[in-house]
């Protein structure tokens, strides 16, 4: 009975540790900041990370996460360009197109309805 209890506690402990580990892995931590400019065509999106090390995390179209200095000129220019691009795309999807339909031309005939 003791062995079964110990085994159950070990399984619960492993499950808890693994679930905590998964959450930590999803968080991006910047250890260093890239100084070399990234071509804007390769950047898909970005997030701003506040904390011990401030950083802008660019996500490339291939899914790579690159940490950059938020005060660098090229970083600010990339953010501005991405914001304009996203705003333009958002406006494109939010607009509705109205297509005029043809209204039949009435004739001088009179229709009588009985009922």
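Cβ atoms are placed via backbone N, Cα and C, with glycine included.
Bear in mind that the values here come from a model prediction, so they are computed numbers and not experimental data.
Listed features, source Swiss-Prot:
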- 30-67: disulfide bond (DISULFID)
- 1-19: signal peptide (SIGNAL)
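Sequence-distant neighbours of residue 30 (disulfide bond) (same chain, 6+ apart, CB under 8 A from its CB) are 49, 53, 55, 57, 67.
Secondary structure at residue 30 (disulfide bond), as computed by DSSP, is coil. In the three-state DSSP classification, residue 67 (disulfide bond) falls within a strand. Cβ-based neighbour count (10 Å, all protein chains) for residue 67 (disulfide bond) stands at 19.
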